[in-house]
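In TrEMBL this protein carries:
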COILED    50-80  coiled coil
REPEAT    100-132  repeat 'WD'
REPEAT    190-231  repeat 'WD'
REPEAT    232-275  repeat 'WD'
REPEAT    276-317  repeat 'WD'
REPEAT    329-361  repeat 'WD'
REPEAT    362-392  repeat 'WD'
Amino acid sequence: MDQTFLVNVFGSCDRCFKQRALRPVFKKSEQLNYCSLCAEIMAADGLHENETLASLKSEAESLKGKLEEERAKLHDVELHQVAERVEALGQFVMKTRRTLKGHGNKVLCMDWCKDKRRLVSSSQDGKVIVWDSFTTNKEHAVTMPCTWVMACAYAPSGCAIACGGLDNKCSVYPLTFDKNENMAAKKKSVAMHTNYLSACSFTNSDMQILTASGDGTCALWDVESGQLLQSFHGHGADVLCLDLAPSETGNTFVSGGCDKKAMVWDMRSGQCVQAFETHESDINSVRYYPSGDAFASGSDDATCRLYDLRADREVAIYSKESIIFGASSVDFSLSGRLLFAGYNDYTINVWDVLKGSRVSILFGHENRVSTLRVSPDGTAFCSGSWDHTLRLGWAWAAKREL
């Protein structure tokens, strides 16, 4: 396992070699474990005459303030003002077409296959199930060695699934046409974190997978060898969610966590290239806008927010005074005009992305909505809940793509 994943609370300092409480320090991309005193000394080594750490911090805060002032000058109009001339969507009705029953406990995650027909779900019952959404039949089922399987993902080829949770691992299972085959025998453990696995996503091929964890990190792994290709450090608490940019190159992804931050990462360098800190509580879900120029987030502060990556700022907040429960999952329609958000009050709110207004409320689940995804072709919609079920086919009256 890569050294960046070891959490050294107490041990030998790499500088003074004394047994002390340690913290990670990165020097020319190499991680070292220093005690607090040595970390301060290292920081002071490069100071010029009459400079102190306090003066440099003060200067940095001053420069940060000036940057915020310049950014505020560009913030001269709100998104809903720009969208005033856009035709309103109006109210519309959605209905449940199918209900998928088979899990014995809370459904925690789901993902669509690119064939637009099959989907995978994971649950607190320790099971991962592959479904045929047309027939509602179960095609494959895997029992994990732990409960709370919090993450699952379909491979781009549709020939494998990945999953993990309280076992701290991300495991990949190949899928075959033989439904009686023992999938557990072909299990491949790809990723290993030092805390629970909260999210996983294949990149644009079956050969690499991104993971997020309660250990505060994200990581990129090689599926075949299990080798750690890149680690991403920057969150100050559990990372709860991630989403890969919808581009052919796929070189960036966004993550959100318990530190209230949404962070955009460069997969090649491992560096955070943008960070947003406007939420007031945990960020449970992040999803890129279809064009890749923006992303939405859902949080325990009962709001969903839209961030424009080109403007480098928040451009919309989706909330109402009557909504007091947290948003657990978000996804865009294929056109990007609608934002679906699942909440802890058992409902799904549908928002007009441009105008910021709520255009529909979807009822049906009997417990917290934990996950939701629009199908790859935009014609279907699936949500999973703590009521042990997945509901499928919120097809709306206009009969056009979401």
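From the backbone N, Cα and C atoms, a Cβ is placed for every residue, glycine too.
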Need a quick answer: max count of Cβ pairs under 8 Å to the repeat 'WD' (362-392), which of 100-132, 232-275, 276-317 is it?
100-132
Intrachain neighbours beyond the repeat 'WD' (329-361), with Cβ under 8 angstroms and 6 or more residues off its ends
79-80, 82-83, 86, 88-94, 284-291, 296-298, 302, 304, 306, 316-318, 320, 323, 367-374, 377-378, 381, 383, 385, 387, 394, 396, 401-402
By a Cβ-Cβ criterion of under 8 Å, what residues six or more beyond either terminus of the repeat 'WD' (276-317) are in contact with it?
71, 74-75, 78-80, 240-247, 254-258, 260-264, 323-332, 334-336, 339, 341-343, 351, 353, 356
Please report, as numbers and ranges, the same-chain residues at least 6 past the borders of the coiled coil (50-80) whose CB is under 8 Å from any CB of it.
40, 43-44, 306, 311-313, 315-316, 354-356
